[in-house]
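Engineer: Checked TrEMBL, it gives:
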- 6-37: transmembrane segment (TRANSMEM)
- 58-77: transmembrane segment (TRANSMEM)
- 104-122: transmembrane segment (TRANSMEM)
- 129-151: transmembrane segment (TRANSMEM)
- 157-183: transmembrane segment (TRANSMEM)
- 195-217: transmembrane segment (TRANSMEM)
- 271-293: transmembrane segment (TRANSMEM)
Amino acid sequence: RWKNWWVRGILTLAMITFFFIIIYLGPMVLMTIVMCVQIKCFHEIITIGYNVYHSYDLPWFRTLSWYFLLCVNYFFYGETVTDYFFTLVQREEPLRILSKYHRFISFALYLTGFCMFVLSLVKKHYRLQFYMFGWTHVTLLIVVTQSHLIIHNLFEGMIWFIVPISCVICNDIMAYMFGFFFGRTPLIKLSPKKTWEGFIGGFFATVLFGLLLSYVMSGYRCFTCPVEFNNDTNSFTVDCEPSELFQLQEYNIPVVLQSVVGWKTVRMYPFQIHSIALSTFASLIGPFGGFFASGFKRAFKIKDFANTIPGHGGIMDRFDCQYLMATFVNVYIASFIRGPNPSKLIQQFLTLRPDQQLHIFNTLKAHLVDKGMLGRLEDA
């Protein structure tokens with residue numbers, strides 16, 4: 001028991017150190033790592049399918065699985081390039097053409113794979129081939145779509161990438177520690193080693209960790225500013241004037257708690273309040289990603305997705321909760337944080353024909369005049 005504890009502990013510290021190194025190397029390296037993790041997770045799940053259904057002899061199916069992965073990545077990364085590198089895309093003629101017809105090209109590529117699948121159907125293996133076709137598409141939905149959301153979170157600011165991931169890591173470690181030393185009551189049958197003591201201890205530890213980490217990171221522009229592409233230097237920049245989320249504000253402490261803490265007000269960053277929501281999800285709902293993975297492994301009678309990391313299993317064993325967390329963060333940002341981006345609207349406006357630009361200008365001017373924000377002008 002203690003040997004496994006030491007193995008897991010040393011490798012966890014090594015992975016955390018590696019995590020800090022790639023954060024230091026910047027957003028491009030982070031995106032590359034996300035892509036590598038995505039490919040490895042896809043490989044682990046697809047390999048399980050091959051082993052379970054004994055499908056190594058199916059014609060073209062290994063090739064088709066990777067081809068569909070390529071198609072889906074082309075679609076998602078093409079959307080990202082068009083969205084975040086708009087000026088660069090418009091500046092280069094080949095990129096402008098690819099951007100304009102991106103979705104048609106993506107659909108054509110997918111249709112090619114679809115036709116290849118139909119042509120590869122073999123009379124005695126119809127059911128098995130359709131099993132694997134569905135297996136591949138569900139894997140793409142789980143792995144590729146959610147890894148794409150991780151990159152979108154990253155572009156909103158490194159803090160939206162680091163804090164959620166760190167909260168999941170903290171919850172995983174603290175739940176294991178509390179469960180190891182104090183665990184007595186089983187939590188769920190899918191994971192017999194999980195205990196209520198670990199679950200509750202991990203929750204409080206993660207919320208506290210999220211508050212402290214958010215406080216430290218909110219003071220640095222390199223973490224709080226959106227990741228944007230600088231067309232002059234052809235590189236990413238993370239320099240901006242911090243938004244209200246990352247400016248210290250004074251909050252009144254509820255009267256009930258004033259006698260306990262001895263303070264009437266507290267100064268904190270608004271982002272810290274959002275971090276409570278993030279860490280709560282990481283602690284209470286995030287583990288269900290792990291439970292889901294445990295159920296999946298039990299269904300196919302395997303211990304781990306792979307044996308890539310000694311004591312931890314495969315890469316997917318470490319990222320089962322992270323993908324669920326990434327989806328929540330993306331939905332949370334879209335629902336409560338993100339607003340229209342003026343710079344992107346202006347970029348798109350400048351690509352319109354002159355008559356379209358004039359029409360929008362006149363419509364906007366009339367709207368502002370009606371609102372009283374502009375003085376009424378004489379008709380031209």
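Every residue, even glycine, has its Cβ placed from backbone N, Cα and C.
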Engineer: Which of 6-37, 129-151, 157-183 shares the most C-beta pairs under 8 angstroms with the transmembrane segment (195-217)?
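Structural biologist: It is 157-183, which has the most Cβ pairs under 8 Å.
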Engineer: Which residues of the chain, 6 or more past the ends of the transmembrane segment (104-122), have a CB below 8 A from one of its CBs?
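Structural biologist: Same-chain residues near the transmembrane segment (104-122) but 6 or more away: 58-61, 64, 67-68, 70-71, 74-75, 78, 98, 129, 133.
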Engineer: Under 8 Å for C-beta pairs, could you tell me which stretch among 58-77, 129-151, 157-183, 271-293 has the largest tally with the transmembrane segment (6-37)?
Structural biologist: 157-183
Engineer: Please give the sequence-distant neighbours of the transmembrane segment (271-293): residues at least 6 beyond its ends with Cβ less than 8 Å from one of its Cβ atoms.
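Structural biologist: For the transmembrane segment (271-293), the sequence-distant neighbours (Cβ-Cβ under 8 Å, at least 6 residues beyond its ends) are 159, 163-164, 167-168, 170-172, 175, 188, 190-191, 194, 199, 202-203, 206-207, 209-211, 213-215, 218, 224, 245-246, 305, 316-317, 320-325, 328-329, 332, 336-337.
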